[in-house]
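Visitor: One structure coming up, written as structure tokens, with questions to follow.
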Amino acid sequence: MPGIPGWDGRPLCLQGLLHSSAVSSYLSYPQLHQPLPGSPLFKASAPALAVSHGSRRAAAAPLTPASSALREGSLPLAMASPGQFIFWSIISVIIILAGAIAFIIGFGISGRHSITVTTLTSAGNLGEDGILSCTFEPDIKLSDIVIQWLKEGVMGLVHEFKEGKDDLSDQDEMFRGRTAVFSDQVIVGNASLRLKNVQLTDAGTYKCYIITSKGKGNANLEYKTGAFSIPEMNVDYNASSESLRCEAPRWFPQPTVIWASQVDQGANFSEVSNTSFELNSENVTMKVVSVLYNVTINNTYSCMIENDIAKATGDIKVTDSEIKRRSHLQLLNSKASLCVSSFGAISWVLLPLCPYLMLK
């Protein structure tokens with residue numbers, strides 16, 4: 001009715017019904033039906049809540065931002081419950097541990113330590129068997145040891161040994177049937193390679209590559225090829241004087257020959273000696289013959305034959321009652337090539353295999 005405060009022109013019974021329905025909905029779903037301050041519904045609902053529903057005052061009270069966030073499930077991190085904090089802490093620890101395990105596994109696969117590998121520069125005698133010397137830190141796990149021999153300028157492998165036996169599937173054709181390792185000595189650190197029927201083309205730079213359960217390593221080796229032999233010393237008797245004959249069957253490249261005397265040290269015997277080189281049937285190696293004239297009794301003479309691979313010496317002493325002979329051969333430039341571990345490992349040095357041969 002006109003003049004009645006709060007009347008909106010509708011019948012009073014309808015307006016009261018609407019107010020009653022709104023209050024009922026607000027009590028059932030207060031977060032969805034919160035009346036706006038200053039509206040007729042807000043003014044009408046507040047007394048009703050106070051009188052008829054005193055037990056629901058807390059539910060009917062306007063929501064604070066914190067309580068609204070709690071009802072909507074968007075709890076701030078600072079207000080997380082102890083259970084949620086423990087849950088996310090466990091997840092974080094699991095992620096960190098998984099990353100650490102992945103790092104350790106990756107390092108174990110791709111980051112093996114270096115091991116000590118030692119090679120010895122040596123020479124091969126044409127037509128004979130040669131040794132390419134290589135040693136490494138011993139490993140009792142034979143199945144984990146891999147030995148690879150490679151040659152600079154050659155596509156295929158020279159030789160491969162793995163899982164306790166030879167694997168020649170990738171061997172280069174030029175080495176087919178000519179290589180072998182000392183399989184019974186691999187477990188003690190011997191990776192040396194036996195090369196059969198040495199040829200001039202076998203000369204070059206080789207690599208000895210080793211993998212074990214301890215790690216991996218490699219070392220290079222310079223291999224020279226040529227021909228060398230021990231000289232034979234004899235006495236030539238003739239009517240005028242005695243002479244000495246020094247003869248070696250195979251040398252290549254062509255060597256030099258020098259005579260020396262134990263009594264006349266520093267003497268030059270080139271004017272009283274004659275040296276010749278005779279090509280052998282294979283047209284590569286040569287026979288060396290040198291004769292020394294005007295020798296004296298009870299003196300020791302030496303015939304020294306040398307090229308850039310080897311040095312051979314023949315000694316002879318002639319007395320009134322007997323002749324004493326001695327010869328020896330020494331390979332030149334035999335030196336070790338060492339690849340040292342990054343740790344304090346023992347350096348396994350291979351002694352030269354027959355660089356110095358003494359015959360009597």
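Cβ atoms here come from the backbone N, Cα and C positions, even for glycine.
TrEMBL does not curate its annotations; it predicts them automatically.
Okay, these came from TrEMBL:
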- 127-210: domain 'Ig-like' (DOMAIN)
- 231-319: domain 'Ig-like' (DOMAIN)
- 85-109: transmembrane segment (TRANSMEM)
- 336-358: transmembrane segment (TRANSMEM)
Visitor: Summarise the model confidence on the domain 'Ig-like' (231-319) as a single mean pLDDT, whole number.
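Guide: The average pLDDT of the model in the domain 'Ig-like' (231-319) works out to 92.
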Visitor: Per DSSP, what is the residue count of the domain 'Ig-like' (231-319) in each of helix, strand and coil?
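Guide: Its residues fall into 3 helix, 54 strand, 32 coil.
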